[in-house]
């Protein structure tokens, strides 16, 4: 399945070519000359992306510390398909140019011409980017843009565990709230329990950040005991401690897998498709709110409070989308969902056909309270509010039209 199909049966496809132009060619300077330190990279015309095949793939893997491969279906003969593939290749070329000195390589694997290589490498999903680092294979499930891809690969190059050794690093750790995070307290890097933790971190790197400390003062502030690991759900203030310390790699991985779907999670460019594919029975509860907007901020704070009060409910998971993070998708979302994203919204979306139903705000001046949101969410979870209800309303409208005939 193509990446663009995932947000509602090819619904994003009409935006993709325009998006690719912007992402590759960049924002025009409008006559202003670039200043030193603010020159955005422009493609220099050097071919760095390699067509990976049966003859060269072993040498390509030996050459790079990290290798990103776009596994693609052959472009069709029509002009639009050819142009789109060229733009995708340009995104890879620009990313390869930026990361050339970092030891990151880029390649293309054709699903028909290079099927044997794809099979050996375990490439299965067309139009996906697979990242190879050592023995790890990471499927990139984010926005296909040069800047997002570069940022992701820079994270891949980092160690899977970040050490906290002082007050500033501890403050930075505590400021992370919009994603899952783990932290463990160990005796030293040579500890077998730290090594198990490090191996577990590699399984989720770079999507889930793992932190560790060997400093007893830092551990005391975090109320961590030796060999203890705390798991923080996104937007939650209090952690869960992984039971039965010290933990093996398998125990840590199992715990994270069981708890990785947060009650409230943010849709991010670098992991947007992974998040969207992780639905509950074919639906998502989706909230749109601009954090920088006063109403959006207030609505988001209410969402956080509701999530914190209901974190024990495994059936509740809300995806928060900040429209500012996806400006080119705002017109598509407004048209598809028939909503106004200049104001906060919360609704239920069917991931198969993008059908949706949205909470009615009784008074546009007053945002829903935590109690009103909880009541609405309870109705959703009990099936009293669902996208089929909206279909029934549409059918009734159609019947009325037929009667008029």
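Backbone N, Cα and C atoms are what each Cβ position is placed from, and that goes for glycine too.
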With Swiss-Prot as the source, identify the stretch among 358-381, 382-405 annotated region 'Disordered'. 382-405
Sparsest-packed among the recorded positions, when each Cβ's other Cβ atoms within 10 Å are tallied, from 124, 350: 124
In whole Å, how far does the CA atom of residue 216 (phosphoserine) lie from that of residue 350 (N-linked glycosylation site)? 48
A correct count of other C-beta atoms within 10 Å of the C-beta of residue 81 (phosphoserine) gives 13
Spatial neighbour of residue 350 (N-linked glycosylation site) that is closest, considering only the modified residues 43, 81, 124 and their CA atoms: 124
